[in-house]
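According to TrEMBL, the protein carries these features:
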type	residues	note
DOMAIN	16-298	domain 'NADP-dependent oxidoreductase'
ACT_SITE	Y49	active site, proton donor
SITE	K78	site 'Lowers pKa of active site Tyr'
BINDING	H111	substrate binding site
Amino acid sequence: MASIVLKRTGQKMPLIGFGLWKVTKSSCADTVYNALKAGYRLLDGAGDYGNEKEAGEGLRRAIADGVVKREEVFVTSKLWNTFHQYDHAKALAKKQLELWGIDYFDLFLVHFPIALQYVDPSHRYPPEWWGDDGKVHLQNTPMHETWRAMEELVDEGKAKNIGLSNSQGSLILDVLRYARIEPQVLQIELHPYLTQEPLLNLCKTLGIAVTGYSSLGPQSYVELGVDKGVPNLLNHDVVGTVAKNAGKSHAQVLLRWAVQQGVAVIPKSNNHDRLVQNLQVDSFELSEADMKALSSLNINLRLNDPADIDPRMGIFA
Ligand SMILES: NC(=O)c1ccc[n+]([C@@H]2O[C@H](COP(=O)([O-])OP(=O)(O)OC[C@H]3O[C@@H](n4cnc5c(N)ncnc54)[C@H](OP(=O)(O)O)[C@@H]3O)[C@@H](O)[C@H]2O)c1
């Protein structure tokens, strides 16, 4: 499987991984097991997805059955917004490792550059965006405090690599000013409606690997009722023409568009056939014209914007 070599550790991050957001909890262990059996070697989880225990069960069963060895699987997880304070970040990473039933994450990301008021995990986990009163409560924890905890997770062997998600250039440059251990990966929303070339160029310049999420565009947001009413890329005419040229599915060419730019992808599917199909995107090439045709669909449409929940969280403003 093609991979990206991470700068600090030289560790290889697979170009295609399996996303765990909205993977059904009751079948998550089996889905993860079958994803590994089908050839996936990267699992993209997060505290917020509420299925780390089940994902860990699937991974550990696959290890016990000899499907994979732990060191062959790149496990990513993310620190949620309510745990940005130094001691909370340290404690939550430990709790998340316990849920997975593993000793280290290959990559641990700060999920959003947004600090929210602490919610004790024994009270509610995952805590999501809101307090018990249904309102968003911001907290004044600066990123340098959170980043110090992230660096110590590396020192302690709990994370091999650390990185950021949903962050823009100004924050990345600021973290680099004080980082003892630099962010190795940036995970961002990326699809032909949101092409983010300047951010990709900055990461390339800095040697930060990029993972794109929601590669299939609005589809992931349809079930949440927040797809912003744009035409679905999975039945878009331009995507259809590119798919026909390549002899592949709409989903495969959308994933290929990112991979061909050197961006890792982490498609999610609760359906085994689609999960297998999504893995098969590193053995064909899109023509330059087809790459351009997909990129020309850009409308700077951000489907995952916390400002839609509360304008005080306008991290992309
Ligand atoms: N860092 C962040 O803030 C952040 C935010 C969002 C996502 N992520 C990560 O990125 C991963 C992927 O993003 P995502 O889950 O938003 O979206 P996605 O992978 O782009 O799309 C998933 C949606 O597409 C459908 N689908 C999957 N493969 C398909 C195919 N071959 N043909 C047709 N439909 C297909 C899925 O339905 P079925 O399940 O029914 O197949 C689901 O509705 C997440 O799981 C998560 O790990 C990270």
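Yeah, the Cβs are placed from backbone N, Cα and C, and that goes for glycine too.
Features per TrEMBL, on structure.
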residue: Y49; record: active site, proton donor; DSSP class: helix
residue: K78; record: site 'Lowers pKa of active site Tyr'; DSSP class: strand
residue: H111; record: substrate binding site; DSSP class: coil
Rounded distance in angstrom between the Cα atoms of H111 (substrate binding site) and Y49 (active site, proton donor): 11
Pairwise Cα distance for K78 (site 'Lowers pKa of active site Tyr')/Y49 (active site, proton donor) [Å, integer]: 10
Most Cβ neighbours inside 10 Å, all chains, among the recorded positions K78, H111: K78
Y49 (active site, proton donor), number of other Cβ atoms within 10 Å: 22
